[in-house]
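These notes concern the structure reproduced below.
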Amino acid sequence: MKFGGNLNRYLQFFIDGWNHFRDPSVESRHSAVYYWREQMKAMFLYTTSKERELPFRSTWHTLVNIQVSICFSTMCYGVTESFGDKVQIGRDLAFIIGFFFITFKIYYFQWYGDGLDEVVETLDRLHPWAQKGPGAVDCRTGKRWYFVLAFVLASSWMVFLCIFLLLLITSPMWVHQQILPFHAAFPFQWHDKSIHPISHAIIYLFQSWCAVYTLTWLVCIEGLSVNIYVELTFAIEVLCLELRNLHRRCHEYEELRLETNRLVKFHQKIIDLLDRTNNVFHGTLIMQMGVNFFLVSLSVLEAMEARKDPKVVVQFAILMLLALGHLSMWSFFGDLLSQESLKISDAAYEAYDPTKGSKDVYRDLCLIIRRGQKPLIMRASPFPPFNFINYSAILNQCYVILTFLLNTLD
C-alpha cells in the first residue's frame, strides 16, 4: 500500500470525527474502535496473524522489535554514566520505565494480537447494538456522544503528543549537557558528539524516529484499549434503553417472550465480551498500574530530593501529573463502566409489569436483575479493578512509601 493511502487511512478518524462533531445529523458507520484499529494497521504495527501474512509485515514487526530493544538497552546502559547524580538517575529511570511500558506493549500484543482482533471484530459487527426494525429504540444521542468523546480525546492526545515530541527531540538544543533526546550510552563512545560526530548524528535520528513511531503507536493502542471499554459501556446503555421500552415495542405475549429472551442473551454477550477483553488486556492492565505507581513515587521523591532547584521540581511535577492523568483516565472509564452496569437491574425492574407477560418473561427479567446487581468491572486479577476508590488507595500507598523514604533520607 502506498504512503498516501496509509496516511489517509490514519487520518480518516479525524476527518470523520470532525464531520461528526460539526454536523449532528452525520452518523458514523463504525465505532471509534474500528478507526483506532485502522490507524494501527496504517502504521504496519497491528500484530495479528492475518496482518503478518501481508507483504513485508512480518519483517517490519521484527525490525520494530529490534529497534525498541536497542533503544531500551542503550538507555539502561546510560544509567551507568549517571552514578553520583541523583537527579540525572531519576530522569533516566523515568524514561526507562516509560519506554519499558511501550516495549512491553509491543511484545505483548505480538502474542495477544489475535485475541484483541477478535474482540474488535465482534464489537464492530454488533455496533450500534440496538435492535433494528419497527419500534427500535433511538440510541443516536448516546452513539454520537461516545463517538465525539473518542474524537476529542484522540485530537487532544495528538496535540499533546506533538508538543511533547517537539520538546523531546529538540531538548539537546536547549538542555545543558544533553546530547541526545534520551540519555543513552553506546559501545566505543559512539554517542559522544566530540569523538564520533557521524555516529552521534545517526543515533540522534534513530532515537527521534523511535520516539515518534513508538509514542504515536502507544497513543493508538491506548485509544483502542480505552474505547473497547467505552463501547461496552455504550452497549449497556442500549440494553437499558431496550429494557425500559420493552412494553412499548412488544404488545403480544409471544413477542414479549422472544424479546426478553433476546435481551438475556444480549446481557450475557456483554458479560462475555468484557471477560474476553479483560483477559486480552490482563498483562497490560497490571503493567500500567505498576508503571504509574512507580512514576508517581519516583517523580515525587525526586522533586522532594531536589526541592531547592525549581527547574527540576517542575520537570518531575509534570511527570507526576502525566502519570496521574493516565491513571485517572483509566479509573474514570472503569468507574463509568461499573456505574452504568448497575443501572441494568433498575431498567429490568422497570420493565416488569405484572399485568403483562408470563412466568417465562418474569424469569428472564429476574435473571437480568440478578446478574445486573453485580457490577461489571475493568480488572486484571488478582489486582483490584480500575476505579476512583482504588485510584485513591494507590495514591495513599504512594504517600505512605514516600513518607517512609523521606524520613529515612533525612
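From the backbone N, Cα and C atoms, a Cβ is placed for every residue, glycine too.
Quick caveat, the model's predicted, so the values are computed rather than measured.
Summarising the annotation, TrEMBL assigns transmembrane segment to 93-111 (among others).
According to TrEMBL, the transmembrane segment annotation covers 145-169 (among others). Long-range contacts of the transmembrane segment (145-169) within the same chain, counting only residues at least 6 positions beyond its ends with a Cβ under 8 Å from a Cβ of the stretch, are 13-14, 17-18, 20-21, 28, 31-32, 35-36, 181, 208, 211-212, 215-216, 219, 222-223, 226-227, 230-231, 233-234.
Sequence annotations record features per position, and here TrEMBL assigns transmembrane segment to 280-301 (among others). Same-chain neighbours of the transmembrane segment (280-301): 90, 93-94, 97-98, 100-101, 104-105, 108, 112, 115-116, 119, 225, 316-317, 319-320, 322-324, 326-327, 330, 378-381, 383, 386, 394-395, 397-398, 401-402, 405-406, counting only residues six or more beyond its ends whose CB sits under 8 Å from a CB of the stretch.
Remote same-chain partners of the transmembrane segment (313-333), defined as residues 6 or more beyond its termini with a Cβ less than 8 Å from a stretch Cβ, comprise 90-91, 94, 226, 229-230, 233, 288-289, 291-292, 295-296, 298-300, 302-303, 306-307, 378, 386-388, 390-391, 394-395. Per TrEMBL, transmembrane segment is recorded for 313-333 (among others).
What TrEMBL lists as transmembrane segment is 388-409 (among others).
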